[in-house]
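Worksheet for the structure shown next.
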Amino acid sequence: MNSHHFLVGLTGGIGSGKSAAADRLAELGAAVIDTDLIAHALTAPGGAAIEPIRAAFGDAVITVDGALDRKAMRDLAFSDPQARRQLEAIIHPAIRAESDRQIREARGPYAVLVVPLLIESNAYRDRYDRICVVDCPVDVQIARVMTRSHLPEDQVRAIIAVQSSREEKLAAADDVIDNSGDLASLYAQVDRLHARYLAAARATG
């Protein structure tokens, strides 16, 4: 738990709709910090993780403009568990440090840290006052990701397979947003949670 902010950990599998939930919370005034955006900045040209990644994996995973070649790195990480662990050992501490900095500087009644692999990373668990999982059936996840990313079904299933199961996420959740319906249904649930988080933040603040 962070001493300065009431902190919500927001997570969900790929295609669950956690970005839509996070965007709504930001609209309502929460300070939203997205670890995916932090990871992109770290692996953009000149990003702090580029040289350690180059040292570990060579130029094959760096684009000509000096960014991480996401496809090459994803293919390597999926085919080689050791490579995935090596990449995580570079990226995760850097994400943790930058997210901590952004939480400290956050403006808003409470902070939301969006972490795709929150449940998988037990080291994070003691940070949060509440863990919120955005949930939907796996077949809905697959259809959304195939539509959005134009990936074949087997590749989407492979991504889902390395994430924690739906059951594991739900077991770890303090709060669950059911995103199997439309955006209006998602927003209604997010709005209710926002009111609860506001009240809890005021009570602890």
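Numbers here mean position along the shown chain, with the first residue as 1.
Glycine is treated like the rest: Cβ placed from N, Cα and C.
Database features, via Swiss-Prot:
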{"type": "BINDING", "residues": "GLY15, SER16, GLY17, LYS18, SER19, ALA20", "note": "ATP binding site"}
{"type": "DOMAIN", "residues": "7-204", "note": "domain 'DPCK'"}
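Overlay of Swiss-Prot feature records on the structure.
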residue	record	CB count, 10 Å
GLY15	ATP binding site	24
SER16	ATP binding site	27
GLY17	ATP binding site	22
LYS18	ATP binding site	25
SER19	ATP binding site	17
ALA20	ATP binding site	16
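Highlighted in sequence order, GLY12, ALA21, VAL134, ARG144, ASN179 have their Cβ within 8 Å of the centre of the Cβ atoms of GLY15, SER16, GLY17, LYS18, SER19, ALA20, the residues recorded for ATP, and are not part of that set.
Classification of LYS18 (ATP binding site) by DSSP places it within a helix.
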